[in-house]
């Protein structure tokens, strides 16, 4: 396999390039009988769509999904579901000045060294544009998990660059472009991003994703651990450089008497484990944190080399996200849902649950 498919029983194969005719995915293994229409998927795609605020790329893509197969009379048939999203606003000329050079921090150098050829238009296969099919597939996973188990997957931004965002309310999350759970912080975030765009620079972010309502018992020991698969999937999201569950790296400073979640007849007293022990879900909420690096396509000139290995100065023009973390929340939600539905089906196959 070439690393374009995620999942064991619920499999998603992603295809396309940023400036190609279309992008999409094939979802194989979706159980039959799930009510599904394009509107179910479109609602999630609209949350990720570019051009929705001044703080993200101004590329205007409608991201209208087309269901090509696997659905008949409004329900899934159990056969592969083909999903297509056409690219309509690519401006390939914006990349002519970097066609033979490499952006510091970008995958274009690694792609060229691996394949010996690269598509410089919008980053080609390495573009965050390719997260749209992931969100589309995740919408199906979310709907099945909710209908079968009442599982809810949602997320928010907890930090933008140097600005920490204290959690206030889930109700605040959909009301701003940042998916910030605290409306009072939004003006500060907007001012920071406005200055960042004027500087021609970029910044990173931290995203939190939470899955609630799943039962205990999902996951496998050793190599197919639930938390390992979550980390594997999340690292497939563009610009993610770190993944942790529960207390994560804070566990280093904790003592065992603090970190171990005490168990009472009413349930767990805390959730430092992030909902997973020994690679298997505990029934607690699964909590995942992502560290997202700054965008590498910036207007600030930086040193690099061209394909001949000669030193050059690189400046990236065109339309780019100054912080890819702003649109990352629905993508991270989709990835978590895809891992969970896969393990739910594996649990049902092995243990009948």
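Just so you know, glycine gets a Cβ as well, placed from its N, Cα and C.
For 48, 54, the entry in Swiss-Prot reads NADP(+) binding site, with the evidence type sequence analysis. What Swiss-Prot records for 125, 126, 127, 238, 239, 278, 293, 294, 295, 296, 297, 319 is FMN binding site.
Neighbour counts were taken as the number of other C-beta atoms within 10 angstroms of each residue's C-beta; across the binding-site residues 48, 125, 293, the minimum falls on 293.
With respect to Cβ neighbours within 10 Å, the binding-site residues 127, 295, 297 differ, and 127 shows the lowest count. The binding-site residues recorded for this entry are 127, 293, 297, and the Cα of 297 lies nearest to that of residue 54 (NADP(+) binding site). Distance from the CA of residue 48 (NADP(+) binding site) to the CA of residue 293 (FMN binding site) is 18 Å.
Around residue 54 (NADP(+) binding site), taking its Cβ as the centre, 11 other Cβ atoms fall within 10 Å, counting all chains. Cβ neighbours within 10 Å of residue 239 (FMN binding site), excluding its own Cβ and spanning all shown chains: 22. With respect to their backbone Cα atoms, residue 127 (FMN binding site) and residue 48 (NADP(+) binding site) stand 14 Å from each other.
For residue 125 (FMN binding site) paired with residue 48 (NADP(+) binding site), the C-alpha to C-alpha distance reads 18 Å. The CA atom of residue 239 (FMN binding site) is located 16 Å away from the CA atom of residue 48 (NADP(+) binding site).
Rounded to a whole number, the C-alpha distance linking residue 48 (NADP(+) binding site) with residue 295 (FMN binding site) is 17 angstrom.
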